[in-house]
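Chemist: Dumping the structure here so I can ask a few things about it.
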Amino acid sequence: MEKICVAVRVRPPTPESSSSENGSSLWKVEDNRISLHKSLDTPISTASYAFDHVFDERSTNACVYELLTKDIIHAAVEGFNGTAFAYGQTSSGKTFTMTGFETDPGIIRRSVRDVFERIQMISDREFLIRVSYMEIYNEEINDLLAVENQRLQIHEHLERGVFVAGLKEEIVSDAEQILKLLDSGEVNRHFGETNMNVHSSRSHTIFRMVIESRGKENSSTDAIRVSVLNLVDLAGSERIAKTGAGGVRLTEGKYINKSLMILGNVINKLSESSKLRAHIPYRDSKLTRILQPALGGNAKTCIICTIAPEEHHIEESKGTLQFASRAKRITNCAQINEILTDAALLKRQKLEIEELQMKLQGSHAEVLEQEILKLSNQMLKYELECERLKTQLEEERGKQKEQEQLQFTPAIKRQPTPLTAATTECSHENQKEVEDLKSQIELLTNEKDSLQVKFNEQVFQNNKLMGEISELKEGMLHMKEIPKRLSESVANGKEVYKNVIVTMKTLMAEKEFPTAKLLFGVTGITTSLLSTLESQFSMILDGQKAGSIVDYPFYDQWETLRVSLKNTASSLVSDAQAMNEILNSHDKGQETAAMEEKLKSELSILAERYNELEKELSLDKQLLKASRESHGRLEKEVQFLKEERDSLDVAISQSTQRLRVIASDKENALKDLNVEVKRRKEMEEEIKQISFAFSSRQKSLMSFHNEIKSKMQKLTTQNPKLK
């Protein structure tokens with residue numbers, strides 16, 4: 001049993017106040033006593049108070065922490081629950097004492113750093129720290145680390161005690177991480193402006209650290225220590241006449257004063273004698289409900305009461321000091337919070353048996369020694385059974401960890417819970433995970449089917465595209481051959497026509513050859529020309545029919561040219577035959593002039609046709625150039641389509657392979673889960689049986705232990721020398 005540590009801190013006067021006026025009342029601090037003085041330093045006997053610590057306006061936050069809070073922080077690391085909170089009127093320095101500034105950190109920030117420094121000094125234990133930050137605003141609990149968690153409810157559990165359901169807890173590893181969380185929580189806290197404070201806290205805040213530790217050697221006989229450290233910044237009590245509050249500020253002030261009044265009632269009840277103490281109204285306020293373990297319970301607690309030195313705040317300061325005086329009479333029963341394992345419990349009972357054996361040495365209690373020997377044998381069997389159970393549990397935990405890794409579920413460190421509850425919770429979680437996996441497999445199967453349909457459609461389109469590409473390739477090959485053949489034919493025709501014209505001009509100039517010879521030469525030349533052109537066009541037409549090539553713009557022109565040449569040649573042949581007949585029946589000399597004139601006209605016609613052929617040749621060259629450019633574009637498009645098809649094939653192949661792997665993994669995971677669920681159900685039944693046997697044996701052991709104690713007491717009374 002130990003009393004609550006209570007301290008008083010006087011804040012410095014504000015620049016606007018003048019505490020040195022004549023007739024003004026002053027607070028004087030002497031050692032651990034604070035008293036109210038009138039003018040000429042005359043003390044008022046009814047206004048003198050003594051506390052564990054009293055800090056004047058020159059004291060710093062470092063001094064307050066070292067003398068008041070540091071021991072509680074160290075005790076929390078050792079396994080004791082701890083609480084520190086500031087109480088006082090508004091604008092008296094509570095938030096400055098608890099939070100402080102960067103240049104002068106308050107109790108909360110210094111405690112955070114001191115906890116981790118203390119942990120570094122303890123090398124034989126490993127620690128796990130969780131933090132949470134909440135505020136009580138208008139009797140509603142809000143989570144300052146998660147804005148979406150509002151209006152949380154308080155619950156009570158046999159093992160956990162009083163806790164806030166839904167409150168976010170962050171696992172932390174260093175002090176800087178906690179300080180960042182504190183800064184983010186301060187942003188979400190409710191502040192407001194009043195006539196007494198431009199930055200007034202409108203809510204109570206509770207910063208909580210849960211410290212768990214166990215031995216690093218993983219000894220089965222070590223207990224797990226779990227302590228809770230609460231650092232509380234209370235909103236200040238206020239009078240409406242001084243604060244000038246209205247509207248929202250007035251509502252906030254009512255809730256603040258109500259909760260502080262209930263806190264004062266709880267302090268009054270706890271300060272009374274236990275015989276006179278009636279019902280303690282913890283449940284009347286959420287603040288007192290949460291702080292219940294710190295007020296008369298299992299915790300080391302310190303209270304910092306802050307007062308203002310100004311004359312017009314004397315009544316509020318007296319009320320604060322009276323609250324502190326009552327709180328000083330409260331006693332707590334703080335003890336280390338340990339969760340004993342089965343092996344640790346066995347070890348303690350074994351030590352008690354050894355102590356009894358030591359007491360029985362030298363006595364004649366042979367019957368008791370035999371009973372103790374029997375009890376030791378039972379304990380040995382019990383230890384073996386516990387070892388077997390422990391081995392099974394370790395295997396179960398290992399398999400469960402592997403299963404959680406397989407299911408991509410992050411591991412979360414939790415406080416140890418009873419075996420039956422843990423296995424039941426795991427069973428429910430596994431069942432839920434099985435259902436989730438089934439739904440995921442069904443979705444993946446549907447997605448696989450849809451992708452397979454798209455893949456088949458893509459394959460069909462690719463095959464169709466490949467056929468079109470092949471036809472385009474063949475067409476382009478024929479397109480290359482047609483202009484080439486036409487160009488060669490035109491070139492040959494051009495040379496032949498040049499020879500014809502030159503020959504005719506030569507014959508006409510010399511006038512030595514007879515007309516029959518001239519006509520014979522022209523007929524031969526024309527026939528040779530037509531046969532050459534006919535063979536070339538036949539080859540082109542055959543190539544078109546074989547390759548199914550579409551008609552080209554210049555084909556009609558070449559066809560017209562062919563018909564025209566053929567008609568011209570036919571007319572020349574017929575004229576030649578007519579001229580032969582005329583020559584055979586008439587005088588050659590008379591008809592020579594007429595034939596020359598006719599030949600000249602024919603030559604002029606051929607010259608005109610030659611010029612037309614040259615123009616058509618130029619046009620055909622332009623068409624040939626355009627067809628080559630079109631061919632180049634088609635080749636590029638074909639190459640692009642081929643590359644796109646190859647990339648689609650690769651993507652579809654990879655997607656199909658991934659789907660197969662995912663489906664296979666999910667099926668295997670589902671099978672393993674079904675097997676694991678079945679095995680866990682069997683393990684649950686076995687654990688229930690073992691737990692029942694363990695409970696019954698423990699009861700028998702305790703009854704036997706009590707029997708031994710009673711016999712020892714009887715033996716002691718009979719033989720006083722054993723004392």
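Every residue gets a Cβ built from N, Cα and C, even glycine.
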Chemist: Examine the ranges 395-421, 611-637 and name the one recorded by TrEMBL as region 'Disordered'.
Modeler: 395-421
Chemist: According to DSSP, folded down to helix, strand and coil, what is T95 (ATP binding site)?
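Modeler: In three-state terms, T95 (ATP binding site) counts as helix.
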Chemist: Within the chain of S92 (ATP binding site), which residues six or more apart in sequence place their C-beta under 8 angstroms from its C-beta?
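Modeler: The answer is R11, G236, T306, I307, A308, H313, E316, T320.
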Chemist: Measuring CB to CB from Q89 (ATP binding site), give everything in the same chain under 8 Å that is also at least six residues away in sequence.
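Modeler: Listed in sequence order: G236, S237, E238, I307, A308, H313, E316, S317, G319, T320.
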Chemist: Give me the DSSP three-state residue breakdown of the compositional bias 'Basic and acidic residues' (395-404), ordered helix, strand, coil.
Modeler: 10 helix, 0 strand, 0 coil
